[in-house]
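Trainee: Quick one: structure below, then a few questions.
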């Protein structure tokens, strides 16, 4: 007869999985296991309830090479995996003096890459209710706002946390009753990190002075998650209405900014940064909100990490900052070149096939190759004094600065636009204008085709 406690624990996790839609039938689940009671409980519970979902399991251990005596952990996991007939993989991370956050980010990246490569549909992590309570308190102390007070999410993309409803005491007792050997990381008991100080100093103090703790915090967390869901939906509506994506990033009309409530503004800004591959802190959000509240003419508003915020006319732009202020590269014919700004330039020679020409496409240009006769071009960005000989000026040159003004191209964008040169002649301002050099005629035999594309 099955132990009543084990039944209660497994039922609690099963109900949580169903309520949060964490697992689907026939999922392939990668379990991240450390050797502690939490991750062993996660693995054992998922193994015990697997017949109800018909999913497959795989154990993954990440060796950070930071602590000694990890061999015992690996042997315990290997022994467990063999007994349960679950595949087991070990991956290595070498710290190289990385910070704790960078190491954590690197760990998540390696896990997600492994999951993607091997076709896992879910990544299961062993965070518990205790971890969630600690995280909420830490986020409050760090000033992470409402979103921080919602704690650890049960799921995010492929990542799921099925035992987020269990306490550390429950996972430990579960492993003991199942006679599963585990090994806790001794560094979890050292009062050297904020989490450990919260765990062993602050939380016991709060239990002493507040009878309802931690249930009061858990109840608040539930309500705040409801609030967060509503605010997320509202911010999405405002974003769809006012925020536009473009090839360089995002933009909005400054005249509409004052129509948006502040609580929604900060969520819109955070979402923009996330979509552009950057995080923004609470301090950064407040700083940027203050900057955007001040009316200004054309110019920089702020540069934050790799993102430049710029105002031009009535528009505010969020763009990726150019990695190099001035650049110059050689582009082979045929060949391709990727630029730090996200552009890719590709060249090819077309033999007597004028039907494929797209004259009305600003991202494709064509030249009579026999009039140019070169195996390489130069790609660089705009410099003061650059000129182009456009069609319609009877061979006369026009300053690029004047061309940019005519085309209403903002200053921040001008340095990022690639220019294609043949010797000292400017052939193409990518996506903007082609020169009158070496035009295609009826006598053209070989065509130089230059195309460009940009990652959004």
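Using the three backbone atoms N, Cα and C, a Cβ is placed for every residue, glycine included.
Annotation source TrEMBL lists ATP binding site at 34, 35, 36, 37, 38, 39. What TrEMBL lists as domain 'Lysidine-tRNA(Ile) synthetase C-terminal' is 377-450.
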Trainee: Should residue 38 (ATP binding site) be counted as helix, strand, or coil on the basis of DSSP?
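Mentor: Assignment for residue 38 (ATP binding site) reads helix.
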Trainee: Taking the center of the Cβ atoms of 34, 35, 36, 37, 38, 39 at the recorded ATP site, which other residues in this chain have a Cβ no more than 8 Å from that point?
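Mentor: Counting only non-site residues, the set is 33, 40, 41, 126, 182, 183, 184, 185.
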Trainee: Would you list the DSSP helix, strand and coil counts for the residues of the domain 'Lysidine-tRNA(Ile) synthetase C-terminal' (377-450)?
Mentor: 11 helix, 26 strand, 37 coil
Trainee: Note the mean pLDDT of the domain 'Lysidine-tRNA(Ile) synthetase C-terminal' (377-450), expressed as a whole number.
Mentor: 88
Trainee: Test of understanding: give the count of other CB atoms lying within 10 angstroms of the CB of residue 37 (ATP binding site).
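Mentor: There are 23 of them.
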Trainee: Count the Cβ atoms, other than its own, that fall within 10 Å of the Cβ of residue 35 (ATP binding site), considering every protein chain shown.
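Mentor: So the number of other Cβ atoms within 10 Å of residue 35 (ATP binding site) is 21.
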Trainee: Go through 34, 39, our binding-site residues, and report the one whose Cβ sees the most other Cβ atoms within 10 Å.
Mentor: 39
Trainee: With every protein chain in view, what's the tally of Cβ atoms within 10 Å of the Cβ of residue 36 (ATP binding site), excluding that atom itself?
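Mentor: Other Cβ atoms within 10 Å of residue 36 (ATP binding site): 21.
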